[in-house]
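Participant: Pulled these features from TrEMBL for this protein:
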| type | residues | note |
| --- | --- | --- |
| TRANSMEM | 44-65 | transmembrane segment |
| TRANSMEM | 99-118 | transmembrane segment |
| TRANSMEM | 139-164 | transmembrane segment |
| TRANSMEM | 184-204 | transmembrane segment |
| TRANSMEM | 225-247 | transmembrane segment |
| TRANSMEM | 272-292 | transmembrane segment |
| TRANSMEM | 324-341 | transmembrane segment |
| DOMAIN | 339-454 | domain 'FAD-binding FR-type' |
| TRANSMEM | 567-587 | transmembrane segment |
| TRANSMEM | 599-619 | transmembrane segment |
Amino acid sequence: MGEPLLRLRYFEASTPLVRDGTVQPRPSPPPAAPPTPTHMLWRLGHWLVGLLMILAGLTPMFYSFPVYTASLSPPLSTWWGVNPKVKNSGHSEMVVPTYFALGMALPLVVAALLFGLIRLKSPLVVVPFSNLLHRKPALLRYLVSYGELLFLAVVILGNGLVLHHQYIKRHKVTANATTTIKNFGTALGFVGLFNMVFLALPASRHSFWMEWLNIPFARGVKYHRWLGIATITTLLAHTGLFVAYYIRANASLAMLFPCFDCNIAKTGKDNWVNFFGLLSMLCMVIMGLTSLPIVRRKYYSVFYATHFLFIPATFLAVLHWGPITYFLFATIVLYLVNRIYSSATVAAPVSLDHAVALTQVTHLTVHCAAGYTPGDAVWLKVPALSKTQWHPFSVASTPLHTPGRLTLYIKCLGKWTSGLHTYIQACEAKNVQPIIYMDGGYTPAAPIPSSHSDVVFIGGGIGITPLMGQLLHVLHTNPHQMLWLVWHVRRVDLLVQFQAWLLEIEALAASTGTRLHIRLHVTQEASSSVDIVSATLSGLEPNMAVHDTHAPQEPRPYAHLSTTKRLLVLLLAFACSGAALAAVKYGEPIQAQNAAWWPLQRFVEVVVVVAGAYAGYFVTRLPQGKVDTPTANDVVVEDGKVTLDTEGFVAHFNVQFERAVWSTVFADVAASAAATVGVYVSGPMSLVRAVDAHAQGKRGFHVRHDEFHM
């Protein structure tokens, strides 16, 4: 059986206050360290990282430009002994791989190494206009921010330039309509490939490029979805135009399907190339359809499973056109390096400080030996519910308030979250420790500027969780700021469960001299009916058999790989992957044996890229420093005492059974603000839109909301 669950059940959400059954006074919070100034040298290094990433981003675009043929390709051809006047001279097959190695892979490796060193010595550099990027123009009804518009502009501009140059290089004035369709279809194929290069990068975990860009993980996932739409749309158009081309040219679609009695090296090659492209496109379309919100949210397991089709989609795309391997080389290696980082951090279950099933909310506090920032996102896997599914949640704590601990509140909103609630109850009944794996280390939420005189936190329901840690963080670091908490819930029972946290921030504000205004609103419940009623949960049935055997390793505090190991993994992955690809590409030994083996040549090239990248995994097996594991005496329990009953809670916090009047709220804030006001929103889109309508564009108000929507 698993380890005993050394804790008592309680019915409130709070930082633990009782140890070994004895009430303990809360220790005084550690004084906040003054902000570390950024040395000019590190600022220059920061911007050098940006220039290297720009170079890497321009490399796949410049491949389509005339400058590649005129200025970039010739010297590379000379390096490899290629004489354009002599047929089959030198090693022309190495020119394109070398271009992407020098223009994309090398700059990214140098940028990653430099950024890793900078982060050890200096805080992040926040550009002065970052607040502007989060604002939303009224002209577009506050639907997108200026930062999102900038992202869309870059993508559209890149797509347009690639389309233009790829079409122009093939277009002839004398071309007929059929040839024009083919040329336009080919150009769209390159546009889709350009989008594929960047598709996985915004949603990658542990990504230095997102941290440098100061783009939170939630926003990165949105960009990933947008790039996915652009990729599938352009490649569908590419496919459709080639279907039209073959119908016009041959009055048949036979060229789109494989032949088995033909010479695959010559006459039958196009058939197989086209067929591989169709299969790759089919995989992408399935991924796209199952990523629609209605499928993604209601049938997450289907969305999760079909997303693995990116593996055959990539292989089939390479079989369709071999050079795709070199376009995607850096992306594949970076993605696999991030997978290695994750696999190292989730090698063992995370040790729990406590796990409690509240009314429709699961409260988890884990031991954490790694640094984190309030508002971070972590992913959880519970083998008793699924051995493969990972689900994202926002961190509701700050290490300044609870050093060494990380808190999560998970509301029952679907089968998995309801199943987690049931699982925690079952573990408590059986007196066993829940087995939970956690992965984190994503791009942190942007810090709240100390220059704001007022900070307004607006939460809707359980959406308050990412704001909880941020509010506590401000109480510790910037007690001079006036804080406003406006929390909308449907039922008062959710508020009552969090009364200990609310009382705690009141006390902390009083101790630090912070002016804190709390406004609680219940939107769908009359004040005469405020009893807490447990809802019937319908979720996954937990498989308690996982506790019949020991977990693969003993639970341990969550910890990241050290910076040294992370950089070694990156170096080894790129070095081994690049060397392996060069070895199988130089002279194309497989295809040289038999021209009909070109599919095998292309397939092996992708395989060695993947296998070489996983060489970095061996770094994670090196011994690491000892991580302190909590003993039984370290496990914190609570006595289950509820400080206030429901009526007392409603009276104490003056809970309003109506929606907030936002014009009044922001008028009150504006009246007291001595400088700019930061507004942080987390909740349903109806709440976000209501806040945007009153605060976006308001002079001195900076509104941010980075919500993870699954």
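Heads up, the Cβ atoms here are built off N, Cα and C, so glycines get one too.
Curation does not apply to TrEMBL; its annotations are automatic.
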Participant: Tell me, please, if the transmembrane segment (99-118) and the transmembrane segment (324-341) are in contact, taking contact as 3+ Cβ pairs under 8 Å between residues separated by 6 or more positions?
Facilitator: yes
Participant: Tell me, please, if the transmembrane segment (324-341) and the transmembrane segment (272-292) are in contact, taking contact as 3+ Cβ pairs under 8 Å between residues separated by 6 or more positions?
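Facilitator: Between the transmembrane segment (272-292) and the transmembrane segment (324-341), which are separate recorded stretches, there is no contact, as judged by 3 or more close Cβ pairs.
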Participant: With Cβ-Cβ distances below 8 Å as the criterion, list the same-chain residues six or more beyond the ends of the transmembrane segment (184-204) that contact it, or say none.
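Facilitator: For the transmembrane segment (184-204), the far contacts come to 57, 60-61, 64, 155, 158-159, 162-163, 166-167, 170, 210, 215, 220-221, 223-224, 227-228, 230-231, 234-235, 237-238, 240-242, 244-245, 310, 317, 321, 324, 327-328, 331, 334-335, 338.
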Participant: If we skip the immediate neighbours and take only residues 6+ beyond the ends of the transmembrane segment (139-164), which ones have a Cβ under 8 Å from one of its Cβ atoms?
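Facilitator: Same-chain residues near the transmembrane segment (139-164) but 6 or more away: 61, 64-65, 132-133, 187-188, 190-191, 194-195, 219, 222-223, 226-227, 230, 234, 689, 692-693, 696.
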Participant: Report the mean pLDDT of the predicted model across the domain 'FAD-binding FR-type' (339-454), rounded to a whole number.
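Facilitator: For the domain 'FAD-binding FR-type' (339-454), the model's average pLDDT rounds to 89.
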